[in-house]
Amino acid sequence: MVKLVSLLDSLYGYKMIHEGNPDIHSIHMDSREVVEGGLFFCIKGYTVDGHDYAQQAVSNGAVAVVSERPLELSVPVVVVRDSRRAMAQVATKFYGEPTNDLQLIGVTGTNGKTTITHLIEKIMQDQGKMTGLIGTMYTKIGHELKETKNTTPESLVLQRTFADMKKSGVTTAMMEVSSHALQSGRVRGCDFDVAVFSNLTPDHLDYHGTMERYKFAKGLLFAQLGNTYQGKVAVLNADDPASADFAEMTIAQVVTYGIENEADFQAENVRITSTGTTFELAAFEERMELSIHLIGKFSVYNVLAAAAAAYVSGVPLQEIKKSLEEVKGVAGRFETVKHDQPFTVIVDYAHTPDSLENVLKTVGELAKGDVRVVVGCGGDRDKTKRPVMAEIATTFANQAIFTSDNPRSEEPMDILRDMEQGAKGDSYLMIEDRKEAIFKAIELAKEDDIIVIAGKGHETYQQFRDRTIDFDDRIVAQQAIKERWT
């Protein structure tokens, strides 16, 4: 329980209507979840405006409301310029600034965030640390998994989660930090010790508008790093041009990694096979060979980023090497589906042009037969990448099958027609039903072919306008293989 005015001390400026200083027992952004003694934040969403539900929140027990405009209510109304940012600051104080007591590592970038955070988690667990993880796949406190709705949750959920981590004995936490979260201020109040940048390629332009704005949003993580007396570190990809801008934006120590350009963590003599990747790692004064189970040049970048983050967090390089060489993979990331079939099936989360191209190029270098790809694009998301995804699919695969991803409120065939605009040649099919598309790819496969099922990776659902169904690419692929080969 905290007094309202005490919580408001964390805000830079506000106006109070209906003065009062009630006890705050909980904080909410969903009026349906408000209980007696709650503080309700009016948040403007894409389709719903929380200001329209302020009275309902009061009826449910809210004793104060934070809004972006004056409201006629019977409880104190705190008017702020940006209620979402205010919520981040208030939530941080309400939950006792939990990240101040955690070693917090944030990872941002277009691709690779999930893999990098999981690699760091493995290294830290091997050091005997109790870890927490927040990202695309789930929230994890120790070994307990919880479902997440966003890559980076809303600040209210985020700070509550960090408080739960602290209470559970977590000492080190890894978090995927999305550009949406940075732009909207969700991670305000998070005290990052290390911030990692993976790469920057076109994505989310429906939200940010331009690549320059997208880059600026990513850079906010590094701009806010190093604002305290404690030593902070920015881990940047020396092979990505955006890193130069991020280095200028931060006052923290900068450590780099890369393959092509000179870096503090440098991979040399990279050798990729169908079972893994080996390379020589040169890091400061040390040099060693790593042999990892992960496949592809993009995997080397992920490993370098994780190694650098762990190293600046105090883990010796030899122990980092040992942990990384034990990693078998991350769910839905270049994950193979096996059932004694004479061809290879790979499920990958690749849902951006860059990630799809990386996966298909890697597969193309390994394939003895044809490369076939099943791919779609999400509905209600950046439409500009649809023809680009199709162009990449038809350029780097022998055959592409365009199908539904998560259509959401859009008509699936409208999305496929948008994709078709970028297709090269005629070596592609359009099959609206994703299960049917996967079965077709398996049916067409010949010995030594490689099939890539792209876009959904670890996801276990498919979202349509009026329903969400159970759907797992790995399970469907397994069913298709069994039907053909048993």
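Cβ coordinates come from backbone N, Cα and C, glycine included.
Annotation comment: Swiss-Prot describes Gly109, Thr110, Asn111, Gly112, Lys113, Thr114, Thr115 as ATP binding site, evidence class sequence analysis. A sphere of 10 angstroms centred on the C-beta of Gly112 (ATP binding site) encloses 26 other C-beta atoms.
Of all Cβ atoms in the protein chains displayed, 26 besides its own lie within 10 Å of the Cβ of Lys218 (N6-carboxylysine). Under the heading N6-carboxylysine, Swiss-Prot lists Lys218.
Within 10 Å of the C-beta of Asp405 (meso-2,6-diaminopimelate binding site) we count 23 further C-beta atoms, all protein chains included. What Swiss-Prot records for Arg381, Asp405, Asn406, Pro407, Arg408, Gly455, Glu459 is meso-2,6-diaminopimelate binding site, and it gives sequence analysis as the kind of evidence.
According to Swiss-Prot, the motif 'Meso-diaminopimelate recognition motif' annotation covers 405-408. Sequence-distant contacts of the motif 'Meso-diaminopimelate recognition motif' (405-408), counting only residues of its own chain at least 6 positions beyond either end whose CB sits under 8 Å from a CB of the stretch, comprise 351, 375-381, 415, 434, 455-456, 459, 462-465.
The record assigns Arg381, Asp405, Asn406, Pro407, Arg408, Gly455, Glu459 to the meso-2,6-diaminopimelate site; their largest pairwise CA distance measures 17 Å.
Shown are the binding-site residues Lys113, Arg381, Arg408; of these, the residue with the fewest other Cβ atoms within 10 Å is Arg408. When each of the binding-site residues Gly109, Pro407, Gly455 is scored by how many other Cβ atoms sit within 10 Å of its Cβ, Pro407 comes out lowest.
Helix first, then strand, then coil: DSSP counts for the motif 'Meso-diaminopimelate recognition motif' (405-408) stand at 0 helix, 0 strand, 4 coil. The motif 'Meso-diaminopimelate recognition motif' (405-408) scores a mean pLDDT of 97 in the predicted structure.
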